[in-house]
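K.L.:
Below are the C-alpha cells for one structure; questions will follow.
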Amino acid sequence: MKPYSKHIVVKILLGLITALSLGLLLYYAADIIKIMSSMDNFRAYIHSTGHWGPVMFILFQVLQIVVAPIPGEIVQVAGGYIYGAALGSFYTTVGLILGSAIAFYFTRFIGRDFVSRLLQKQNVKWMSFMQDERKFSIFLFIFFVVPGLPKDMLVFVAALTSISSLRFFTILLVGRLPWIIGSAAVGSTIQTQQYTVAIIISVIAVIGFVLGYIYKDKLINLFSRAEHANKTPKMEEIIEAVETKEAKENKETNKVISAVKAKAAPALNKSRDIATVKNKG
C-alpha cells in the first residue's frame, strides 16, 4: 500500500471512531447532564463504579476538554470533593493531559480543515495573528494563567499553528496547574465543611475570573502591540539578508580579482614577449 493510501485509510478510521464517539456521547447526553447536575450526584456516580471510579472521573475530565458544553469547573472542584485536594488535582491533571492530547493531535493531523472552518464561523479574530511560535507561546501562557478566558478552545487553535507539542503541553501544565489545584482545594474544603477557606479561595477565583473576562481584549491588544513593536525578523528574512550579504561580498571579491588581473596583465604580456624573443633566437 502506498504511503498516501495508508494516510487516507488512517484518516477514515479515525473519522469513523470520532463519529461513533460523538454518537455515543449524544445518546448518553441526558444521563451525563443528570450526573453533572450537582457534585453530590457526580460523587455518587463515581463511587457507584467502584474501582473504576478514578478512570471514570478522568474520562469526564477528558470529555470536558474535547466537548466544550461540559463545565470544567464542576469537574475540577468535584475532584477535590471526591478524592481530596492531592488526588483530585492528580486525576484532573491526567484527564487534562489526555483530553488536550486528543483535541490537539486530532486537529493537527485529521481535523485541521474542519476546526479552521468552525473557528471562522465563531469569528475568532483575536487568535488569527498568533502564527509565530515564540509569540504564540506567550499568548498561550497569558490565556492559561488568567481566569475567564476560553482555555479549551485554545487547544484546538494551538494545533493549527506551528508550535511544537512539547512546548504546548509544557505551557498548558504550567499555566493551568495552579488553578486545578485551587479548584480541587475548594472541593476538598467543601467536603470537609471548612467553608471559610472555601469561600476565600472561591472569592479570589471569582475576582480573577471577572478581571480576566473584562480585560482579556486589552491584554491581547497590549500584547499584540508590544510584539509588533519588538518584531523579530522571520527566518526567510534572515536567509535573504545572509544571501544578500554573501552576494555583495562575492561581488567585491570579483572586483578585487579583476583589478589584480588588470594590474598584472602588462607584466604578464611583457614576460610572454621576452619568452617569444628567446624562443626565436
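Placement of Cβ uses the backbone N, Cα and C atoms for every residue, glycine included.
Below are the features listed in TrEMBL for this protein:
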| type | residues | note |
| --- | --- | --- |
| DOMAIN | 70-188 | domain 'VTT' |
| TRANSMEM | 12-30 | transmembrane segment |
| TRANSMEM | 50-70 | transmembrane segment |
| TRANSMEM | 82-106 | transmembrane segment |
| TRANSMEM | 136-161 | transmembrane segment |
| TRANSMEM | 168-190 | transmembrane segment |
| TRANSMEM | 196-215 | transmembrane segment |
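Help me understand the surroundings of these features in the structure.
P.N.:
Away from its own ends, the transmembrane segment (82-106) comes close to residues 14, 18, 42-43, 46-47, 53-54, 57-66, 75-76, 152, 155-156, 158-159, 165, 168-169, 172-173, 176-177, 180-181, 183-185, 187-188, 191 of its chain (Cβ-Cβ under 8 Å, at least six residues beyond either end).
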K.L.:
Per-residue pLDDT averaged over the domain 'VTT' (70-188) comes to what?
P.N.:
79
K.L.:
So which residues does the transmembrane segment (12-30) touch in its own chain, when a touch means Cβ under 8 Å and the partner is 6 or more beyond its ends?
P.N.:
63, 67, 106, 110-111
